[in-house]
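**Q** First, the structure itself, so that you have it in front of you.
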Amino acid sequence: MKGANSKSKSDNKLSVKKGGTAKGGKKPAKKEKTAKDPNMPKRPASAFFVFMEEFRTTYKEKHPNNKSVSVVGKAGGAKWKSMSEAEKAPFVAKADKRKADYEKEMKAYNKKQAEGPKDEESEKSESEVNDDEDDNEEDGSGEDEDDE
């Protein structure tokens, strides 16, 4: 009898409760990620990342045996914090220039998007579309075969 009792207890443990959350409602649906447009311009790097581009090269020259990315990042962050505003100015200027270029690219991109996105079908040339139709006729495949 012990086996029968323990079996029923384990069945209770394995049972899954149906229903929503503790509040009694249904779980909210997950938001789907929107697909990124590969033609969209990338955001510009901040002044710190412009600094890090240069800092990484100089750090690797001084410490060729270092393989850790985190050590380079921590050293760069510490140096950036210790720098004065005058020392940061060239990197800020480069970042501002990149930001201005990015804004121009985004205006052009948004203007292009406003004109209307291209259809995926229109990317195929007309000859390819005609070739696809010819292939179906040559194979004898078509919707007529289902009627037989």
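Each Cβ is built from the backbone N, Cα and C atoms, and glycine gets one as well.
Here's the feature list from TrEMBL:
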REGION    1-44  region 'Disordered'
COMPBIAS  31-40  compositional bias 'Basic and acidic residues'
DOMAIN    41-110  domain 'HMG box'
REGION    59-148  region 'Disordered'
COMPBIAS  82-127  compositional bias 'Basic and acidic residues'
COMPBIAS  128-148  compositional bias 'Acidic residues'
**Q** Could you tell me the mean pLDDT the prediction assigns to the domain 'HMG box' (41-110)?
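**A** PLDDT averaged over the stretch: 94.
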**Q** Is the compositional bias 'Basic and acidic residues' (31-40) packed against any residues at least 6 beyond its ends, judged by a Cβ distance under 8 Å, and which are they?
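**A** Sequence-distant neighbours of the compositional bias 'Basic and acidic residues' (31-40): 109.
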